[in-house]
Amino acid sequence: MRLSAPVFLLLWVKALMLKNLNYSVPEEQGPGTVIGNVAKDGGYGTIERGKKSNFRVLENSAPHLVDVDPESGLIFTKQRIDRETLCRRNPKCQLSMEVFANDKEICMIKIDIQDINDNSPSFPSDHVNIDISENAAAGTRFPLTIAHDSDSGENGIKTYQVTRDDYNTFSLDLKVRGDGTIYPELVVQRPLDREDQSHHTLLLTAVDGGEYPRSGSMQINVRVTDSNDNSPVFEKSSYVLEIPENSPPGKILIDLNATDQDEGSNGQVVYSFTGYASERIQDLFSIDPNTGVIKVQGEIDFEENPIIEFDVQAKDLGPNPIPGHCKITVKVLDKNDNLPIISFVSVRQGAISEAAPPESVIALVRVTDKDSGRNGQLQCRVLGNVPFRLQENNDNFYTLLTDRPLDRETKDEYNVTIVARDNGSPSLNNSRSFTVKILDENDNAPRFTKTLYVLQVPENNIPGEYLGSVVAHDPDVGRNGTVSYSILPSHIGDVSVYTYVSVNPTNGAIYASRSFNYEQTKSFEFKVQAKDGGSPHMESTSTVRVNILDVNDNLPVIILPLLQNDTAEIPVPRNVGIGYIIATVKAVDHDHGESGHLTYEITEGNDDHLFEIDPVGGEVRTAHTLWEEIAPVVELVVRVTDHGKPPLSAVAKLIIKVNTEAMAAGGSSASGEEQHWDVSLPLVVTLCIISVMLLAVMTAIAVKSKHQDKDAGNYNCRMAEYSNPPVGKGKKKRINKSDIMLVQSEMEERDSASRMNVVSSPSLITSPICFDYQSPLPLTLPRSEVMYLKTTPNSLTVPRSGCHSSFAGLNTDTQPNRMSVIQTENFSSEPSYTGSRQPFVQSSTFKDAERASLRDSGHGDSDQADSDQDTNKGSHCDTSAREALKMKAASVNGQPFEKGAAGYFVPLYVADSLSCVSKDDMKALE
């Protein structure tokens, strides 16, 4: 077969074995005729669970005639099969198929087409004329034309018969050639007499051997001619010759010799092929009519005609000649003149997976040689060092298999060359090549170029800055070799690594997600994962270490001596001498390396060189014995500079004064102590103080929050302030005992504990004002739903429709001295009892109150004045409550206290602000 492309689909499923199935079917069967069942006959009934049987035709010699059902495995005809058309006169008519069953086994199928007797014998013509001399002796033979039958075997021609010879003048003799062909000869049985009968008509009938024989006939017209006494006679009646195939044209095959005893023209012999010789015979050989030499003039091919038979006649030139005949049989000797033929079966475009196991089928190879014997015996092998081998089957079939595992990364393509050599002498060989491509499987994990990547970045970098890249290679191709990068989850301290760095999933570039601070984090590590796109995917990891480089971004901080506004006063005793350490300047720099290496120097105030400073230790020493006489007060400017690039510095002013109260000895002692002063002690003390302060603040906040939660259900005295902010910043009036008046209430006993009534002080307003809640305020009441109190001007009339209970107190029989209950929404403003003031309480929500005054709401910032006012208000409230309790305890006749059945009303409006009394205080008042 011809290969249409250099790349082929290779069957990589491991072959278990090669099976052979033989079937036969009579010709002339209609479409759909079942020939056999591959699944049943090949034993492919059981397959893996969950899979269906499948049968794939790899090779079919007659795809237009037969096919295989891919699911059931039934072999069926596709149209009527005519053996004579398909195979002509070939005695063996066979179809072949190669079927791949269940993707596991290859099944070789051969189908023999059985001949039926559907054709009758036929002659080339319906009649033939033969001239026979009357002097022909008995036994003289005349070859006749043979009949042809398209059927073969038993249905072919079996015999010939001659009829209509009433006088038994002629008979029929049958001969068999070397190829099995039967041919008739007409034999003269008795002398002929032209004068008695000049014409004879015979009927030659050919009969086949079918179950129901068929026949064909031809008429023979025999004309008896006048005598020509003798006919030419060959030395032999038949000759058997041998000639090598491919003999050159002109080579003499045989030199025939026939003699005639007559003289003259009656004895002159002429040679020729009989009139029944085929055109093929006349193409292969030539005969000299005068000498009888037969020469080769065509191509003699053993593979085409191993045996050649023909008849030669010789007749004289006399009147009514009687020809003589001889039979020539030529045996063609085979010569190793044909190269082996290599053809691939079941090879398609595609490739084999590198995951294919050993012994996987790549292709079926068919090798043939037209030569016979040793010349047709073949040997096949795979050329080169490739991972394939040939396994010999039968009928010159070989299976190309893998003999070791494949690795696409090592080699992704193989050029497979198959060499076939025969055993002739000299031997001939042929080769055929095709390309095997290896398909990639995801069998390689990405590999990083390094197991540890070290990246460096200066501190104070810009977020999003590129830090470096990690690179992983995957030798696979396509999606199997596409690498994506990701950072594995981890924490740096208590913070996720994703807040520190990010990675580009495509190219592995690593970027900073924040600005790094060397003083907080000097280095950190994380793992990057490289994952390919195969299924299932493969992955690997590598460690990335980011080293943060210190940048000189921290100024030196002077911690000793303690500075105020960058200045420190240093008292120095008199007469301390040269080299006395008057102070030690200590500074710290959070930077490291050269950036944290500090140098001390005096930059100003030391023009007379009275002092000197150690550039490394920072000790300031006296450099002159009489420095106090030259300058009793010296202001030195000391600069501390680091060695960073660019350098940063800090300065401190040291005011050095003579300490007249201290003696030199004392100064020496202090100097000694100074020299042994622990620099870290002030830092430790400072940190302890800060920690204690923070703890105290947190404790105060917690206590305050707890008190606020406890009193959340009580009346908030700030609500009145929301609705009636102070007009001016006048001084608050302190509450007096005479300003408190208790008014008896008519509230029910069950509500007395949850209600509170408020009246104003008689000394501050013209008439008392009473407040009463409609219902207790729950602790969980939202601020936006709290109802505000609203007063009624001038009178204390309390409408009955607006209260839950009636009042009794100030004047039990005067009901107008009451206050209306609050209303919640859209309460119009009314003139206050002070004339120029705003309404005492507006109908609003806490949100409105907060908009009116954030400083009193507790939810906004306030200035110092507001804080002072809030403090004053709180003190008034506390004072009023204490005074009320005292009056309750010292209650005597003549005091304006009247206890009603339901409790007391406490005046709490003092100095333009509202104050509140808790429920416990109310009980105490009772």
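Numbers run from 1 along the shown chain.
Cβ coordinates are placed from backbone N, Cα and C, and glycine is handled just like the others.
No curator has checked TrEMBL annotations; they are predicted automatically.
So that you can see what the record holds, here are the features copied from TrEMBL:
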type	residues	note
COMPBIAS	827-846	compositional bias 'Polar residues'
COMPBIAS	847-862	compositional bias 'Basic and acidic residues'
DOMAIN	17-123	domain 'Cadherin'
DOMAIN	124-234	domain 'Cadherin'
DOMAIN	235-342	domain 'Cadherin'
DOMAIN	344-448	domain 'Cadherin'
DOMAIN	449-558	domain 'Cadherin'
DOMAIN	564-658	domain 'Cadherin'
REGION	827-878	region 'Disordered'
SIGNAL	1-24	signal peptide
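In the domain 'Cadherin' (124-234), the DSSP tally of helix, strand and coil residues is 3 helix, 55 strand, 53 coil. DSSP assignment over the domain 'Cadherin' (449-558) gives 7 helix, 52 strand, 51 coil. Summed and averaged per residue, pLDDT over the domain 'Cadherin' (235-342) gives 88.
The residues of the domain 'Cadherin' (344-448), classed with DSSP into helix (H, G, I), strand (E, B) and coil, number 4 helix, 55 strand, 46 coil.
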